[in-house]
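To keep things clear, I will list the structure first and then write my remarks on it.
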Amino acid sequence: MLVGALLPWASTVLPGGAYPDRATLQFFDAPHLVSGFRLHLVLLGVLAALLSRARKPAGIGVAVIALVHMGFLIGLGAPSIGGPVALAGGLLLMWPGLTAPAPELKPPGPAVARLVLLVAFAALVWLVSETLTAGGQSRATNPYGGAEFLAFCGLVLALACALSAYGVLAWLAALTDRHRFFAFSVMLVCALALPFTDAGTGYWMTVASTIGVYAATAIGLNIVVGLAGLLDLGYVAFLGIGAFTAANLAHVVPFPVAALAGTATAGILGIVVGAPTLRVRGDYLAIVTLAFGEIFFRAAQNNIGGLTGGANSIPGIPPISMFGHAFDKPLGVLPAGSLYYAVTVVMVAVAMVMLVNLRHSRTGRAWAAIREDEDVARAMGVRTGRAKILAFLVGSMMAGLAGAVFAHKLGTVGYESFDFSESVTLLAAVVLGGMGTVPGAVVGASLLFVLPEKLREFSDYRLMLFGLALILIMRFRPRGLVSS
Amino acid sequence: MTLTAERVSMTFGGLVALDDVTLAVPGNRITGLIGPNGAGKTTLFNCLTGLYAPTSGRILLDGRPLAADPAQAMRGGVARTFQNIRLFPGMSALDNVLVGRHTRIKQGLLAALLHGPGFRKSEAAATERARAELEFVGLGPEGHMPARSLAYGDQRRLEIARALAGDPAVLMLDEPTAGMNGTETADISALITAIRDRGIAVVVIEHDTKFIFSLCDHVYVLVRGRMLVDGPPATVRTDPRVIEAYLGATECSK
């Protein structure tokens, strides 16, 4: 075990031999500099050496980083010595498989609890900002951006596993649950503070607000799929309906009215789609919703009714403008796009509150009962038809609102943003994150919409990697990353 | 409150499941319903609880016809359990009971979204009632457990608590002691008596004739869709037609 703990250290010393000039990863270009990969490995080595419970998580992290590093070097046509050594070290660390259950930590007093939550959420935002900016904006500025990002993810994964091994994550979850209102406020404030971190540039704000739009949509889908158990494969159509409605009204009415109209239109169409599907369940429901998504997509593509612009899309949608300030311009010290980011944060927060409040209500229990056993739910007096339509209504309204923000933010709305693969990605976000849980949809949406942004060099393999990630999650965390 | 089936017949295609069945469930009594497998007991239950619409005949609750609508039956005061346990396995025991109370909770959608004071009051009252029912069936400490992880006997009890949470006037139990040993059966027997003592009429389907005859005030015997005999346990037990139906059926199956 001690050898295992030391191996990652060894790997930081080993490389430095005759590598081609191309291999200028930080791992090699400065043999004695402790940064990038090297810093991560050193940190994990220290972690493994000092804390016995954290050995396995550290091993996972080392293995991931080593794999990433090796993969990139092989991609560059260079052999790697440090990589295999680090991989061996990581695997050795994982070997003993410490199975001791995580210790139960006692909840502290309210004052301490609040302080802890404050620190925890601040740290989380910092981590999000670091994760977002890890590896730079794109391949153009940093050819190893993808590798650096993945390696950083490895470090984050290891840290999360280590915290979980010490029972800290469960403890924090319990604290959040106990001080729900406080935790929620702190989270909101911390999330709104993201523009003040390293991620506070126009580019990252745009990325973050796009994620926000998809996160809100994913929460809406989570109501339909996660709470009520209605598998909807055409859900992205409602995002499209909201977006096209707002786009058509953008020059006529101010944003709040356009957003309301988008929400209402999507809601009405949600009922229209929901009503005829009441008689079908499970697989059949999935097929019907899939067909609806396709109908919407084809109708938008062919510009039926002249409402979607067809292949030309609808360009020139004005940005949201309030109090005489256009939302796409910087505001004071805040970079451009911060206001859109704030709008999406508030939208996601509202969606979260809705999801939680509905879940703990008569309606939410009726949905859960339908999900678990529809016949019995009916026998217990639940009006199943009405409840299912309500789920479709609430879910599609959420997507419609997100769509309206989406249209104003992008300035252009085209049908190709709403194809089947987007529905699948949203569904994958819900399943990956954890069905029916609040943070689940947000975590899932963030991952699935950040990763393609970060890993442009892998864009050809995107769907394959998705599949792989889904299989891994289903194997190791069958109830999602954030299970209830 | 009385629940009655008046000349109820039910056919599925060419199969006659119930043929001109009449039955009355008086309040404050435990009524037994026995019969060989396939006699139509569960079909009769499904008619009485509004899950099936009888092909002919009527179901009356206190003299008023009961529509084939389970929500209306629950509201009217007819609640049930199922032959093979059918809980909501992924939900907590408490949430299972709260679903049973669905028809008695008044909450608008807007209230559910905003969680205002009125909502909180109604939610607290419902939760308190659900906890009381869990306590009543002996599952007080198990409220937070997912239903699927409860022991078999406890799952049967949870089903009863879920049905009781709907404030029923008539509680219909479909084979409540199936798969239980002697001690557990005696416990359920005591529980059913306690339910009757709360002023709730109980209808029990069972195969265990000893259990039925010792527990019930009145017994109906259903054979091949027809009501063969009914009366107090002592008379039914010694009725030659019942003995023939039961022992005959047993002989045939051997």
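Backbone N, Cα and C define each Cβ position, glycine as well.
Pulled from TrEMBL:
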type	residues	note
TRANSMEM	A:30-51	transmembrane segment
TRANSMEM	A:81-99	transmembrane segment
TRANSMEM	A:111-129	transmembrane segment
TRANSMEM	A:149-174	transmembrane segment
TRANSMEM	A:181-197	transmembrane segment
TRANSMEM	A:203-225	transmembrane segment
TRANSMEM	A:257-275	transmembrane segment
TRANSMEM	A:339-358	transmembrane segment
TRANSMEM	A:389-407	transmembrane segment
TRANSMEM	A:427-449	transmembrane segment
TRANSMEM	A:461-478	transmembrane segment
Contact ranking winner - A:111-129, A:257-275, A:339-358 against the transmembrane segment (A:181-197), Cβ under 8 Å: A:111-129
Stretch of maximal Cβ-Cβ contact with the transmembrane segment (A:339-358) [cut-off: under 8 Å; candidates A:257-275, A:389-407, A:461-478]: A:389-407
Contacting positions for the transmembrane segment (A:461-478) when only residues 6+ beyond its ends and CB under 8 Å are counted: 421, 425, 428, 431-432, 448, 451-452, 455
